[in-house]
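*Asks:* Here it is, the structure in full.
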Amino acid sequence: MIPILNKLSGFYSSYVLGILTIGYILGELGHYLIGVTSKQTAIELDYGDHACQQNNSMFTRHELMTQCSDVKNESSCYALDMNGTGYCEWNYNGLGIDYQILAGPTFILVFTIAGVFMGFAADKYNRVKMLTVCTVIFGVAILLQGTVKEYWHLVLLRMVMAAGESGCNPLATGIMSDIFPENKRALVMAIFNWGIYGGYGIAFPVGRYITKLNFFDMGWRMCYLGAGVLTIIVAGLTGTTLREPERKSIGEGDRTTASGKPVSLWQVIKSPAMIMLMIAASIRHSGGMTFAYNADLYYNTYFPDVDLGWWLFAVTIGIGSVGVVVGGVVSDKIVAKMGIRSRAFVLAISQLIATLPAFGSVYFEPLWAMITLGLSYFFAEMWFGIVFAIVVEIVPLRVRSSTIGVFLFVMNNIGGNLPILVDPVAKVIGYRGSIMIFYAGFYGISSILFLITCFLLDGKTKPSSNEHESQKTHPDTILNARHMHGHDNSVFSVDETLPSNGRPAQLPQHLQLSNGNGYEKSQSIQPSHNGAESSRL
């Protein structure tokens with residue numbers, strides 16, 4: 001860490017959160033820029049569908065007898081005129097299966113696979129150094145996207161970008177969970193994971209207005225060049241000003257099973273609560289990705305005479321930010337009273353409330369579409385940080401980052417690839433109807449799934465004299481559906497202390513006491529080996 005930060009050590013944790021969040025925002029900006037620049041990119045690189053589009057701002061939609069988007073062939077498109085003035089053009093519209101593949105699967109394929117490996121590596125190696133390398137990789141990839149000459153160049157670079165960005169969440173989540181206490185964890189995770197929506201929101205003005213300004217006659221390319229340079233600068237700050245924190249146990253899973261064996265990644269993943277949480281998060285993520293990949297294209301298609309770029313930016317950044325903070329604070333406050341179950345309950349209620357206005361945002365005219373979008377965003381964006389607060393609190397330290405990697409693999413493969421169905425469904429029922437199903441409809445489905453997850457997690461439990469006996473019944477009892485408890489900051493981490501035989505140390509029966517959350521902790525013994533002490537928060 002550079003010397004000046006020693007004088008600002010009291011603000012170090014906030015600084016870490018700031019640097020990690022900015023890096024994530026820039027990565028997601030590079031990710032989502034394609035959705036805003038797609039039309040210009042498609043025209044230059046020759047990919048995607050052609051469509052009849054309004055190209056004359058002299059007329060509003062309400063003045064026109066026939067909308068350009070209603071015409072399905074080139075000759076009829078150019079035949080449309082208003083008082084002898086043509087107002088339509090037949091050109092690439094930025095949509096089509098080529099675009100959906102470019103936006104989703106080509107990125108997600110690499111992102112999810114690499115993310116699993118990053119998660120495993122994060123449990124063993126220096127996370128700050130790894131994050132620095134990852135940030136450099138996706139920063140260079142974003143920059144080079146501004147130089148492409150062919151469609152396949154863009155595909156390849158998005159895959160490289162995905163490989164680098166795949167390390168951001170598991171690495172940064174691990175770093176933050178070792179720095180921040182429980183009473184701030186959901187808020188911190190929410191702020192960081194808001195980087196997805198921050199990058200997405202910033203993509204609207206950057207993709208629209210930087211392209212129109214046409215700096216150095218480079219159009220859309222300048223968006224990628226600028227974002228890439230900024231990302232490389234943040235990578236430098238990450239590597240030179242952040243230090244690797246001490247790894248700390250933070251959840252009830254930071255112990256061995258009753259048989260004395262460490263809890264494995266498979267035992268964590270196969271638990272009903274974790275499976276349901278992954279499914280619910282995947283469906284919710286799919287709804288968010290559908291809107292993210294299609295919002296600018298959707299509003300340009302149906303409201304070509306209305307510039308909604310700054311509206312979308314304001315709703316995403318402004319209202320979305322408030323929702324993120326409120327969700328994190330509410331979750332952190334009530335978890336102390338209701339236990340870990342409260343986080344899932346907040347998820348279910350927030351997504352349910354967000355569903356109806358989400359339908360409104362793709363049904364109404366521009367003004368009410370933005371009003372309902374803002375209302376939807378306030379509640380909808382509570383979800384991401386809370387989900388990962390749940391994950392880090394119900395899994396053991398030794399597999400925390402690898403669990404996050406697997407979780408992201410499942411969530412992104414489902415959530416990131418389902419939006420590819422928007423195009424074929426749109427060709428059957430229309431673009432608007434398809435967006436309603438995969439965007440607003442999936443919000444509602446995720447609400448139901450989060451509610452089910454709520455009942456698979458335990459609330460605030462009381463000490464039980466039968467706790468030890470029930471755990472002896474089966475080694476995996478700790479991970480059973482209704483036995484995943486909340487968090488104890490003073491939990492003793494048995495699985496971190498390795499004696500000379502290489503096996504996890506296990507405390508004698510009489511020293512394994514039960515705390516208020518229903519799991520054991522040591523009150524007096526902290527064995528160490530080679531100077532390594534067990535971790536506490």
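The backbone N, Cα and C atoms fix where each Cβ goes, and this holds for glycine too.
Reproduced below are the annotations present in TrEMBL:
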TRANSMEM  12-34  transmembrane segment
DOMAIN    16-462  domain 'Major facilitator superfamily (MFS) profile'
TRANSMEM  99-121  transmembrane segment
TRANSMEM  128-145  transmembrane segment
TRANSMEM  186-206  transmembrane segment
TRANSMEM  218-242  transmembrane segment
TRANSMEM  308-330  transmembrane segment
TRANSMEM  342-364  transmembrane segment
TRANSMEM  370-392  transmembrane segment
TRANSMEM  404-422  transmembrane segment
TRANSMEM  434-457  transmembrane segment
REGION    491-537  region 'Disordered'
COMPBIAS  509-537  compositional bias 'Polar residues'
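Give me the local environment of each listed feature.
*Replies:* Outside the transmembrane segment (12-34) by six or more residues, the chain places 1, 5, 41, 99, 102-103, 107, 131, 135, 138-139, 141-142, 145, 154, 158, 161, 164-165, 168-169, 172, 175-176, 179-180, 188, 191-200, 202-203, 206-207, 223-224, 227-228, 230-231, 234-235, 237-238, 241-242, 292-293 with a CB less than 8 A from a CB of the stretch.
With a threshold of 8 Å between CB atoms, the same-chain residues lying at least 6 positions outside the transmembrane segment (186-206) that come near it are 17, 20-33, 35-36, 169, 172-173, 176, 180, 223, 226-227, 292, 296, 309-310, 312-313, 315-317, 320-321, 324-325, 327-329, 331-332, 335, 343, 381-382, 384-386, 388-389, 392.
Residues of the same chain lying 6 or more positions beyond the ends of the transmembrane segment (218-242) and with a Cβ under 8 Å from any Cβ of it are 1-2, 5, 15-16, 19-20, 22-23, 26-27, 29-30, 33, 37, 40-41, 44, 128-129, 131-132, 135-136, 138-147, 175, 206-207, 210-211.
Under 8 Å from some Cβ of the transmembrane segment (342-364) lie the Cβ atoms of residues 186, 277, 280, 284, 287, 291, 298, 327, 330-331, 334-335, 370-373, 375-380, 382-383, 386-387, 389-390, 432, 435-436, 439-440, 443-444, 446-448, 450-451, 453-454, 457, 459, all in the same chain and six or more residues away from its ends.
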*Asks:* Taking 3+ C-beta pairs under 8 angstroms (sequence gap of 6 or more) as contact, is the transmembrane segment (99-121) in contact with the transmembrane segment (370-392)?
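*Replies:* Contact criterion not met.
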*Asks:* Can you tell me which parts of the same chain pack against the transmembrane segment (370-392), counting only residues 6+ beyond its ends and a CB-CB cutoff under 8 A?
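*Replies:* Distant Cβ neighbours of the transmembrane segment (370-392) are 169, 173, 177, 185-194, 196-197, 250-251, 277, 281, 284, 288, 308, 311-312, 315-316, 319-320, 322-324, 326-328, 330-331, 340, 343-344, 346-347, 350-351, 353-355, 357-361, 364, 400, 403-404, 407, 443, 446, 457.
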